[in-house]
Every structure is written in C-alpha cells, then in structure tokens.
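Heads up: the structure comes next, in structure tokens.
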Amino acid sequence: MRSLLKSKRKSLKKSVNNVSNTVKEARVWASSFLEKQNREPRVAELMLQHLLDVDLSEFLLKQQEELSDDVWLMYESWVMEHARTGKPLEHFTERATFYGREFWVNRDVLIPRPETEELIVAIMPHLHAGDVVVDIGTGSGIIALTIKKEMPSVRMLATDLSERALAVAKENSEQLDAEAEFFEGNFLEPIRETGEVPDVIISNPPYIPEKERSELDATVLYDPEAALFAEENGLAAYREIVEQVMQLRRLPRLVAFEIGYDQGESVPQLIKSNCPDAHVEVLQDINGKDRIVLWKN
C-alpha cells in the first residue's frame, strides 16, 4: 500500500500544479481510492463537504467548481491518513452529529454512537417538567444537552471525571444554547456533595471489558480509554454508580444505562442485588441487541 500511496501522491501533486481540480474530480478520486483501501467511500464526500464549509445542497451545486490548492492538499492529506490508519472522520472534522444536532468533539471525549440516540428515545417518555436530571460521565455533553434541548423544562446536571472533557461539554452547551450545570468528579459524588436529589439519572459509562481491548477495531482506540474500558468484566462503573445511587437520600424515579450487548443479564442482576424491590427493564437496540437498562423506583 505504501508504494500505491507514493504513486498517488505524485499524480496528485502533478494534478495540483498543472491542472485545476474540480470538486467532483476530487470527490470521485477520493471515494474510489478509499473503497480500494476497504474504507467507507462516503467519508470522502463528508470530508470535502467539511473543508468547503457547505451544507449538502451547496455541496451538490459546487461539483464543477475548482478547488484551491490549499483545500486540495488538505483533502489529500486527510484521505491518505484515513486510508492508512482508519482515523475516524470525526477526529478530522472535530464535529459529530447526534440526534440531529452538531457537537464539537476531540480526542478528550467519546465519539457518539447511534445506539446512544436510542437511549434518548427510551427515556424521554419518563421525564416530567421540573425534573432534576443527572447525566453521569457526560463527555462531550451529547446526552445532557440533547435532553435539555428536547425538554427545556428539566434542570440538567452533568458530571465527568475529566476536566478536559467538561471543557468540551461546556463549549457545546454555549454553542447549542442549552443550559446545564457541570461538575467535575467521580460519577455521582459531586452531586451528592451538593445535596441535590435527582429525579432521573442517565449514564453511558465505560463498559468494554479490558480483556477485549486487543479484539477491537483500531478506529475505536482513538477514543479516550477511560470512556471505553472497565474492570470486573466491564461492570465496574455500573457497580460504583449503583452503590452511589443507593446512598442518596431518596432513590430516583428512573436510572437509565446504556449497556454492552452481552450485559443484559449482568447489569440487572447487579441492580437487583443492591435494590431487591427495583423494577428493571432491558430494551434492545435497532439491531436486536440488549442495549438499554431502565431501573424504575
């Protein structure tokens, strides 16, 4: 592949110097090239659309326009790096779409997955006006800020152990005009220290067992390790959160977790062992895999 990349760079350099490249020519080349490298061809279109800073309709109208050398060379660099390493699109653009909104992301936060949108869908019917809602391990703030935008009447609190992740979440809060209160600390601890009693708690904690690290696609490892991996066969974060919930002055009406596909029995068992009277429901995602646990009190 290295020789192919060198050959392609030579042809690209000649193309930039001697022949003006149109948006369409660049897109067609990049899509074909990525497909040959067993990468998703559509990434080529999304990269170029981002570099041109246009929406889809504008992008389609620009197909016959010439690219500047600067844009072309940056595009080439991105395409080559993605082909070589599989670096996710979001880490080039520092943008991710979630629930129809655009969020700023970087290497300090987990890139949102489509399955997490299903967590939002699952909890929305359970929210009431005026609820105090806590998002544990907020990362970029996608869950907390999406809930606040969808239901402005709730009071949104969010925690994270990472100061750098909270900086991303706060920036997204400002950009989206979605008010939330952010706390640095371990899971529920900073909320308990304030004396707040949440009505609803939501969390997409790290749940991948350490033993599966070597089996993961290399692209996943661009995310922060602390947002991915957990001890106790992936259950450590759930255990600590459940124990902290049980120490609250009053149990929340709902605790909602995103879980790994093979944790549909172990997480409910963990909850029931700490709270025998809990009503626990497991929901499947669009692919039929266990993905969401609802703990109702």
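In case you wondered, yes, glycine gets a Cβ from its N, Cα and C as well.
Caution: TrEMBL annotation is automatic and unverified by curators.
Worth saying up front: this structure is predicted, and the values here are computed from it rather than measured.
Per TrEMBL, the features are as follows:
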type: DOMAIN; residues: 25-91; note: domain 'Release factor glutamine methyltransferase N-terminal'
type: DOMAIN; residues: 119-212; note: domain 'Methyltransferase small'
type: BINDING; residues: G137, T138, G139, S140, G141, D160, F187, N204; note: S-adenosyl-L-methionine binding site
type: BINDING; residues: N204, P205, P206, Y207; note: substrate binding site
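Distance noted between the C-alpha atoms of P206 (substrate binding site) and T138 (S-adenosyl-L-methionine binding site) is 11 Å. Separating the Cα atoms of P205 (substrate binding site) and G137 (S-adenosyl-L-methionine binding site) is a whole-number distance of 6 Å. Secondary structure at P206 (substrate binding site), as computed by DSSP, is coil.
Counting only residues at least six positions away in the same chain, the Cβ atoms of F103, D135, A158, V168, A169, K170, N172, S173, A180 sit under 8 Å from the Cβ of G141 (S-adenosyl-L-methionine binding site).
Compared over the binding-site residues T138, S140, N204, the count of CB atoms lying within 10 A of a residue's CB peaks at T138. S140 (S-adenosyl-L-methionine binding site) falls outside any helix or strand according to DSSP and counts as coil.
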